[in-house]
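> Here's a structure for you.
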Amino acid sequence: MMNSRVFIITLVSCIIASTRAYDPDALQDLCVADKSHGTKLNGFPCKETSNITSSDFFFAGISKPAVINSTTGSAVTGANVEKIPGLNTLSVSLARIDYAPGGLNPPHTHPRATEVVYVLEGELEVGFITTANKLFSKTIKIGEVFVFPRGLVHFQKNNGKSPASVLAAFNSQLPGTVSVAAALFAAEPALPEDVLTKTFQVGTKMVDKIKERLATKK
């Protein structure tokens, strides 16, 4: 257990130290996010120093498995600037992903960050697809690491009969997530139907069926 903790700390430290940050660089020691401020910025305005507390740097939400109630069989718990205001301008965040047996974290991208996952429990099939449509995939188990380069479509699937979980580290305080299926079939306002039928070479009935199924997941 201690070795796992040391590895996780080292993993996050390496991302901070060696990865080029895509978030704005900090110009002071602390810029705790003031999410109640009405000003719109690329990031968040800083809290007054006198209002900063230790709680701004703490989050217990990834200390235990999440309740999984999605149809895909996975749950993502972010530990980013929205949950930890003290991460503002620090260009780093975490997430815990839990998977039921057979659970899938569907194909998606993170437009603002590279992701590194460390397996806490179970065994997962993971992979990403390059802009040349080449798939790089691997089966990873407890203590092993896999990298998803920034912006590329990737996935994780638990093919086992027991639960699995990973800790994910990002070189952004708010990496963002674009789900491929939801972006195409559940956008608001909706994509023109002829764009989808021509792209996937299917009829309107199939498109409507997919939209209906994705709508029930909201």
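The backbone N, Cα and C atoms fix where each Cβ goes, glycine too.
Just so you know, TrEMBL annotations are computer predictions that nobody has curated.
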> TrEMBL pairs C31 with one of C14, C46 in a disulfide bond, so which one is it?
C46
> Which one is closest to N105 (oxalate binding site) in space, judged by CA to CA distance, out of the recorded positions C31, C46, H154?
H154
> Work through the recorded positions one by one (C31, C46, H108) and name whichever has its CA nearest to the CA of E115 (oxalate binding site).
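With Cα distances computed to E115 (oxalate binding site), the winner among C31, C46, H108 is H108.
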> Residues near the Mn(2+) site, H108, H110, E115, H154 excluded, by Cβ within 8 Å of the Cβ center?
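Output for this site, in sequence order: T109, F128, F148, L152, V153, P175, T177.
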> Spatially, which candidate from the binding-site residues H108, H110, H154 is nearest to C31 (disulfide bond), comparing Cα atoms?
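Of the binding-site residues H108, H110, H154, H110 has its Cα closest to that of C31 (disulfide bond).
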> For the C-alpha pair, I'd like the distance in angstrom between C46 (disulfide bond) and H108 (Mn(2+) binding site), rounded off.
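About 31 Å separate the Cα atoms of these two residues.
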